[in-house]
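Here's the structure we're looking at; comments come further down.
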Amino acid sequence: MKITNVEMVISAVKQEQYPAGQLPEFALAGRSNVGKSSFINKMINRKNFARTSSKPGKTQTLNFYRINDAFYFVDVPGYGFAKVSKTEREAWGKMIETYFTTREQLKAALLIVDLRHPPTKDDVMMYEFLKHYNIPTLVIATKADKIPRGKWQQHAKVAKETLRLISDDELIIFSAETGQGKDEAWGALQKWM
């Protein structure tokens, strides 16, 4: 996909702050520091558009990025980060649940997992949450450049089995370093646009 125009529209905490209009939205969910911002940057060919951080738990808002005035990537705060308080975790849970369960513009979730390791309990819970609410899900197994190509399928199989991936949902092996899986990801998103 040719990207002509990207704009960070709003960092939202409450429903009233979500952008108006009917453009399709794709929400990126995943553990803190799994590479959601790097995924966005690679997909839109920008170096540091979605700010990446080496501090886990940095994104505490829903960040809406408008792409080509055609759709949004919504960067969801990462989960599974121990250093936030119980109150913050509950507020996070409420914010995420509200977005995923009420937002009509949400077309699909992109669950970002680390291909190097089996999905965590939090990843499994997130996937089950998405399936409970019948949200179409594309699993992006990132950091593929960090393991030998010959082991990709083996790692992908573990990820699919751990998540108990249903046949409607696809897993794409991805690398923000090399661009591996980028065209495949655009192809998969296209069907919801």
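Yeah, the Cβs are placed from backbone N, Cα and C, and that goes for glycine too.
The domain 'EngB-type G' annotation in Swiss-Prot covers 22-193, and the record cites sequence analysis as its basis. Residues or ranges marked as GTP binding site in Swiss-Prot (evidence: sequence analysis): 30-37, 57-61, 75-78, 142-145, 174-176. The Mg(2+) binding site feature in Swiss-Prot is assigned to S37, T59; the stated evidence is sequence analysis.
Features per Swiss-Prot, on structure.
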| residue | record | Cβ contacts under 8 Å, 6 or more apart |
| --- | --- | --- |
| G30 | GTP binding site | K36, V76, G78, Y79, L111, I112, V113, D123, M126 |
| T61 | GTP binding site | S11, A12, V13, P77 |
| K143 | GTP binding site | G35, D114, L115, R116, S175, A176 |
| F174 | GTP binding site | F39, L115, I140, A141, T142, A144, Q180, G181, K182, A185 |
| said: Would you identify which of the binding-site residues N33, S37 has the most other C-beta atoms lying within 10 angstroms of its C-beta? | reply: S37
| message | Test of understanding: give the count of other CB atoms lying within 10 angstroms of the CB of K36 (GTP binding site). | response | 28
| By a simple count, how many Cβ atoms lie within 10 Å of the Cβ of P77 (GTP binding site), its own Cβ left out? | 22
